[in-house]
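What Swiss-Prot says about this one:
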BINDING   L77, A78, V79  acetyl-CoA 1 binding site
BINDING   V230, G231, L232, R237, G238, R239, G240, L241, G242, D243  acetyl-CoA 2 binding site
DOMAIN    13-168  domain 'N-acetyltransferase 1'
DOMAIN    159-292  domain 'N-acetyltransferase 2'
Amino acid sequence: MNTSDRIKSTQIALDRDLREQALLLLKEVRAVDGVDAFSEQFVRGLAEPGLGHSHLIVTLNDKLVGLAATDEETTELAVHPAHRRQGIGKALIDAAPTSSIWAHGNTAGAQALASTLRMKKTRELLVMEISDRALDGSAAYKDPDGITHSSLANAPVEKSVAEAKWLQSNNEAFDWHPEQGGWTTHRLAQAQKADWYKDSDVLFLWDGEEIVGFHWVKQHSPELQEIYVVGLSSAYRGRGLGDPLVRLGLHHMRAHGARKVILYVEADNTPAVAAYEKLGFTVAESHVVYEK
């Protein structure tokens, strides 16, 4: 039987046993590749039917050896390390309903497969990191003149008002972004359901009762934390407030025990990459979208 004939379509979020196999597969891939094959949203899609993700699976002797997950726009996939170079990755890509395929870590194997299939790289997302002494130096923070700061937990306005202003600031900052832009109240509420989310980790700079910008922190562990999203409202761009906004989050994370901080940034966002490098961040990983 050809590999393509063994592909089955399913929704793993509705099948507990299959979900456990999928999580085990992702763990085994991570152990070999040193990088997660699925992003956070696609991992959530394995357990949350409401996200509407569909899945393609390949099994061998009742063991899950290949998996592709798809939302409306992109596909992510994982192939068990012991079953690579057997046509599974190619078959999953051929069967995927989207043309955009993520290659997290852009491993040598992913690059070789993309080359074989004549796929083109259309997007690159960098993971940058800072740690130890460099982090200590960049975590110094002082409110700019006329500006105050808070978290969502102690905002100077009602929480619902702060959330509405946060949403507006986000959509102004990311009107160009395929995942972070165009958020709705429902989309924000869904994001706040993540098990790691805390109101105290959503930080704001304020000009009176207007949000200058926000810095959303994700704590993977006390030692490893992330600049999850950071953005400036339109009215406050070009005023030198991006640097203190980033430092506010670094100060918060360092105060909560962080020894390493990571972030994701588009590789072609040259000003942002340069600003993070100036703070002491270096590139740790590259994640690529290939088009078939």
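We number each residue from 1, going along the chain as drawn.
The backbone N, Cα and C atoms fix where each Cβ goes, glycine too.
Taking the mean position of the Cβ atoms of L77, A78, V79 as the acetyl-CoA 1 site, the remaining same-chain residues with a Cβ inside 8 Å of that point are L25, V29, A37, G66, L67, A68, E76, H80, I88, G89, L92. G242 (acetyl-CoA 2 binding site) falls within a helix when secondary structure is assigned with DSSP.
In sequence order, G213, F214, H215, W216, L245, V246, G249, L263 make up the list of same-chain residues 6 or more apart from V230 (acetyl-CoA 2 binding site) whose Cβ falls under 8 Å from its Cβ.
Looking at L77, A78, V79, L232, the binding-site residues in this record, the fewest other C-beta atoms within 10 angstroms of the C-beta turn up around L232. The binding-site residues considered are G238, G242; of these, G238 has the fewest other C-beta atoms within 10 angstroms of its C-beta. Here the Cα atom of G242 (acetyl-CoA 2 binding site) is found 40 Å from that of V79 (acetyl-CoA 1 binding site). Proximity of G240 (acetyl-CoA 2 binding site) to non-local residues of its own chain (separation of 6 or more, Cβ distance below 8 Å) is seen for P144, given in sequence order. The two recorded residues L77 (acetyl-CoA 1 binding site) and L232 (acetyl-CoA 2 binding site) have their Cα atoms spaced 33 Å from each other. Cα separation, V79 (acetyl-CoA 1 binding site) to L232 (acetyl-CoA 2 binding site), rounded: 39 Å. Between the CA atoms of A78 (acetyl-CoA 1 binding site) and L232 (acetyl-CoA 2 binding site) there is a gap of 35 Å.
Of the residues the record lists as binding acetyl-CoA 2, namely V230, G231, L232, R237, G238, R239, G240, L241, G242, D243, the two whose Cα atoms sit farthest apart are 16 Å from each other.
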